[in-house]
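The block underneath contains the structure these notes are about, expressed in C-alpha cells.
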Amino acid sequence: MAPLLSIKNLHVSFHTYAGKVHAVRGIDLTVERGETLAIVGESGSGKSVTSKAIFGLLPKHNASIEHGEIWFDGQDLLTLNKKEMQRIRGSEIGVVFQDPMTALNPTMKVGKQVVEGAMKHRKLSKKEAYDLAIELFELVGIPNPEVRIHQYPHEFSGGMRQRVVIAMALACKPKLLIADEPTTALDVTIQAQILDLLREIQQKTGTAIIFITHDLGVVANIADSVAVMYAGKIVEKGKVEEIFHEPIHPYTWGLIQSVPNMETKGKLYAIPGSPPDLLKPPKGDAFAPRNEYALAIDYEKQPPTYQVSDTHFAATWLLHPQAPKINYQKKIAEQLHDEEDNKVKDNDVLLKVNNLKKYFNLPSKQVLKAVDGVNIEIKKGETFGLVGESGCGKSTTGRTIIGLYEPTEGDIIYDNQPVNERNRGAFHQKIQMIFQDPYASLNPRKKVEDIIAEGLDIHGLVQNKQERQERVQQLLEAVGLQPDHAQRFPHEFSGGQRQRIGIARALAVEPELIIADEPISALDVSIQAQVVNLLKDLQKERELTYLFIAHDLSMVKYISNRIGVMYLGVIVEMAEADELYKNPLHPYTQALLSSVPLPDPHVEKTRERIILEGGLPSPVDPPRGCRFRTRCPLATEKCLEAPQWREAEKGHWVACHYA
Amino acid sequence: MKEQTKQLEEQHEIFPDEMFEIVGRKEDESEKINKPVLSNWQDGWLRLKQNKAAIVSLFVIFIIVFLSFVGPYFNEYSYDQTDYDNVYSEPSKEHWLGTDKFGRDQWTRLWEGTRISLYIAVLAAVLDIMIGITYGAISAWKGGRVDNIMQRIIEVLVGIPNLIIIILLIMWMSPGIMTIMLAMVITGWVNMARLVRGQVFKLKTQEYVLASRALGASTSRIILGHMLPNTFGIIIINLMFTIPSAIFTEAFLSFIGLGLQEPLASLGVLINDGYHAMRNQFYLLAYPAIVIVALMVSFNLLADGLRDAFDPRMRK
C-alpha cells in the first residue's frame with residue numbers, strides 16, 4: 001500500500017531583505033499509516049517549515065516552494081487550490097501548535113472551538129456537535145466534560161489547554177496529525193501527561209503523527225521512526241532504534257552524545273561551532289566545518305543518500321566504498337572517560353540562605369508568595385543545582401540572592417558576612433549572574449566590547465583604554481570567541497555565542513559565585529553541551545562556585561554536586577546529586593525523575609512512569625500544610641500539617657511525612 | 001528505474017583517494033562571522049534606503065529646508081519691504097511669484113514664512129521631547145505611587161481643551177513666536193511622556209538591564225546607557241510625526257488670527273493672506289498651500305519609513 005504521506009525533493013526558500021534563505025533544500029520523506037514520525041533538528045534546520053509546507057501555511061508574501069511534490073493519500077497537495085486545501089486542512093490533517101496559550105481564541109467557549117471545524121466540514125447539527133465535543137474531551141482526558149466545554153480558555157491550565165488543542169485537531173478524525181513542538185512550552189510533569197495521551201490516542205484512532213521536536217528524550221519516548229534534519233536537509237532517517245543505537249551520520253551521532261543522561265560523568269561531548277547561515281548554504285556537506293571526521297570531499301560535494309538497511313538511510317560520504325571506516329563509539333569513549341570528576345571536599349560555606357522569603361503584592365491586593373522560606377548552603381567551589389517546574393520560585397530565589405529583589409524576610413550570609421541593603425555594593429563584584437534568554441540579555445545598541453567591559457567600567461577595574469581592550473580580548477578568548485568579535489553588535493551572533501558573551505560579562509569582574517539562571521534552556525541541544533562544558537572548565541580554572549538554576553533534571557544532575565528540588569516556593573528535598581537520583585525520598589522528586597524523557601528508546605518504552613495529576617497550584621493561595629498534597633499519590637489527612645525539614649540520611653534533607 | 005540507477009551511479013562514483021582523507025573540522029570557520037560589522041543605525045539606514053517614498057520625502061524636505069534658508073536672498077527684496085506701486089502684480093521677472101496686497105515680494109515671504117514655521121515646529125517638537133523623556137522616564141523608573149500621581153497630572157492636562165489654553169496664553173502674553181511655541185509645548189509633551197514611560201517600563205524588566213543592575217550600575221548609568229539608546233528609535237519616529245502636526249497647528253492658529261501677526265510671515269499668515277485674495281489672485285494661496293502640503297506629506301511618509309526601518313516591533 002502506498003504510504004499516507006510522501007514528500008519528494010521539496011525545496012522551500014524565503015525572500016528576506018538580505019537575500020534568499022534556503023530553508024529546506026531537497027528532502028524526501030514518507031509517513032506510513034498509523035506510525036509516528038519524529039522530525040528532529042535544531043532551530044533553523046527547516047523542520048517547522050517542512051510541516052508548514054505540508055499544511056499549506058507558509059507565509060504567502062515571502063515564502064516560495066521552488067520544487068518538489070507532497071503526496072497525501074493519492075493527491076499532490078501542492079497542486080490543490082485554496083478551497084481544496086481548506087477541505088484537507090482540518091478534516092484530513094490536524095495540527096497541534098507549540099504554545100497552548102496562543103493557539104486558542106480567548107473570547108470563545110472551548111467546546112465550540114473544538115467542534116468548529118467539524119461542524120463546517122461534516123455539517124453536524126447542534127446536538128451532534130455537542131455530543132462530539134463531550135466525546136473528544138473524554139478522549140483527551142479532561143474531567144467533567146459537561147461543565148468544561150462551556151468554559152473559556154483562561155479557565156484552563158497550560159496542560160489542559162494543550163489537551164483542548166489536541167481535541168480540536170482530532171475533531172474531524174484526521175488521518176495525519178502534525179504536532180509542532182507540542183510539549184516544549186510545558187513542564188516535564190505535564191509533558192509526560194501529554195506524551196502519554198498522544199500515544200493512547202494513536203492506539204485508539206490509528207492516526208499517523210508527525211512529531212516535530214528538538215528534544216531527543218521525547219523522540220525516544222514517542223517515535224516509531226525518526227528523521228534528523230540539519231541545515232535544510234535530512235541527514236539521516238530510520239527506525240527509532242536504528243537512529244539511537246546505530247547512528248551513522250556524524251551529526252546524529254554527536255547530537256545523541258551531547259545529551260547527558262542520568263549517569264553521564266566526565267566531560268560532555270560537544271559539537272563545536274554553530275549551524276551554517278542558510279543565506280549562503282555551503283557547497284559541500286553543511287555539517288563538515290563542525291565535523292571531527294570531515295573528509296576532503298565533504299567540503300567539495302554534497303553527499304548522496306545511502307541506504308543502510310531497509311528502513312535506514314543516511315547522507316554522508318563516510319558510507320562511500322572508498323571512505324575510511326571510523327568507529328566513533330570507541331573513539332569517544334576514550335576521550336570522555338580519561339577525565340575524573342573532582343569531588344568538592346568539605347570546604348567552607350560560601351553562601352548561606354536562611355528562611356528566605358519573597359512576596360510580591362499584586363494589584364488585586366493579593367500576595368504572591370513566590371519564595372516562602374528557603375534554606376540553602378553552598379560550599380566554596382561546588383555547584384548547587386536548583387530544579388523545579390516553572391512558577392516554583394527558583395528564578396526569584398536567584399534574583400533575590402543577587403539583590404535584584406529585596407527579600408521580604410530572611411538572611412543572606414555571604415562568606416560569614418550578612419548581606420543587607422547598606423553593604424550590598426560590596427557584593428556586586430563577588431556575586432554575578434548569567435541569564436536565561438541570550439537574545440534579551442545583551443543590549444542590542446552596544447558593541448560586544450562595551451557589553452563585556454561594563455562591569456570593568458562600573459567598578460573602575462581598568463586604568464586606560466588599552467588595558468580595557470586587552471581585558472576584553474582575554475575574556476573573549478576564555479569563552480572561546482574571536483578577538484575581532486569585540487567590535488560587533490549582539491544581533492550578529494548566534495544564540496550560543498551570545499550566551500558566551502553573557503558569561504564573559506559576568507566573568508569580567510572576577511566573581512566568586514555565579515548564579516546561572518536557566519543558562520541553557522533557550523539553546524539548541526548541540527550548543528547546550530558547549531556552554532555546559534565551558535562553565536565546567538571555567539569553574540576549574542577560576543575556582544568558581546555555581547548556583548545552577550534549571551528545569552532540566554538530567555542537565556542539573558550532570559553539572560551539580562548537590563541538588564535542591566523546589567516546589568511552590570519551598571525546597572522539598574536536598575541531597576548530593578547521585579544520592580538524589582538513586583534514592584529520591586520525596587514523592588515529588590520521584591515523579592519528576594520518572595517524567596524526564598531519556599534519550600534511549602529501550603528505556604523509554606519500557607519504564608513505568610509516575611504521572612502526576614493536574615498542574616501546579618497558584619502560589620497566591622498555596623495548599624495548607626504540605627504544598628504537594630493536592631497532587632501527591634501518598635497524601636493523607638496528616639499532610640494537612642506542614643511537614644518538617646529534616647535530615648533523613650546524612651546530607652539528605654527532605655520535607656515529607658512519609659519519606 | 002532511471003532515477004534509481006542514477007542514484008546508484010552517484011553513490012558509487014569513483015573519486016581520487018585523497019578526497020577521502022580525514023581533514024577534520026574547521027573550527028575557525030564555524031565561529032567566524034562573515035557579514036560586515038553593522039550597527040543598528042546602519043542596519044536601519046539600509047532598510048530605509050529601500051523605501052522609495054521615504055527617500056523621496058527626505059529629498060523634498062531637504063530642498064524645502066534649503067530654500068527656506070537661502071531663498072530670501074535670491075532677490076533684493078526683504079520680506080517686509082512694501083511697494084505700493086506694485087500691489088497684486090502677477091508673477092513676472094521682477095517678482096517671481098508676484099506680490100501681495102502691499103506689494104511685498106511673495107517669493108521672499110514664502111521662504112521666510114516656511115523658515116519661521118519650520119523653526120517653530122522643530123523647536124516645539126524638541127522641547128516636547130526633552131520634557132516628555134524626562135517626565136516619562138522618571139515616572140516609569142520610580143513606578144508605584146510616584147508613577148500614579150504623575151500619570152493623573154497628565155490626564156488632567158489632556159482634559160483641558162488646547163484652544164482654551166492657547167487663547168488664555170495669548171491674552172496674557174503678546175502674540176509672537178515664543179507665545180505660540182509655548183502654547184504648543186504646554187500640552188504637546190504629553191504624548192512623548194506616555195510613549196517613553198511605556199518603553200522604560202518594558203525595558204526595566206529586560207535581562208540586560210537586570211544584568212547591569214547585578215553588576216552594580218547606578219540608576220543614571222542604566223537610564224543613560226541602556227534605556228535611552230533603546231528608546232531613541234521610537235523618539236525619533238515620534239519626532240518626525242510631531243513636526244508636521246506642529247506645522248499644521250501653527251498654520252491653523254495663524255489662520256484664525258491667534259498666531260503670528262503681520263508683517264511677520266509664516267505659512268499660516270500667508271495662507272490667511274492668500275485666502276482673502278483668492279478670487280482674483282489664486283496663486284497667492286496656492287504657493288504656501290503647496291509648501292505646507294509637501295512638508296506634511298513628506299514628514300509623515302518619512303516617519304512611516306523610519307518606523308518600518310527602526311521599530312523592532314515591525315521586524316520579522
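Don't overthink the numbers, they just go from 1 along the chain as shown.
Placed from the backbone N, Cα and C atoms, the Cβ positions cover glycine too.
Unlike curated entries, TrEMBL annotations are predicted automatically.
So that you can see what the record holds, here are the features copied from TrEMBL:
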type	residues	note
DOMAIN	B:114-303	domain 'ABC transmembrane type-1'
TRANSMEM	B:53-74	transmembrane segment
TRANSMEM	B:116-141	transmembrane segment
TRANSMEM	B:153-171	transmembrane segment
TRANSMEM	B:177-196	transmembrane segment
TRANSMEM	B:282-303	transmembrane segment
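The highest tally of CB pairs under 8 A with the transmembrane segment (B:53-74), across B:116-141, B:153-171, B:177-196, B:282-303, is held by B:282-303. Scored by C-beta pairs under 8 angstroms, the transmembrane segment (B:116-141) has its highest count with B:177-196, from the stretches B:153-171, B:177-196, B:282-303. Here the transmembrane segment (B:153-171) has Cβ contacts under 8 Å with residues 135, 179-180, 182-183, 186-187, 190, 193-194, 253, 258 of the same chain, all six or more residues outside its ends. Same-chain residues lying 6 or more positions outside the transmembrane segment (B:177-196) and placing a CB less than 8 Å from one of its CB atoms are 116, 119-120, 123-125, 127-129, 131-133, 135-137, 139-140, 154, 157-158, 160, 162, 165-166, 169-170, 231, 234-235, 238, 242, 246, 249-250, 253-254, 258-260, 264.
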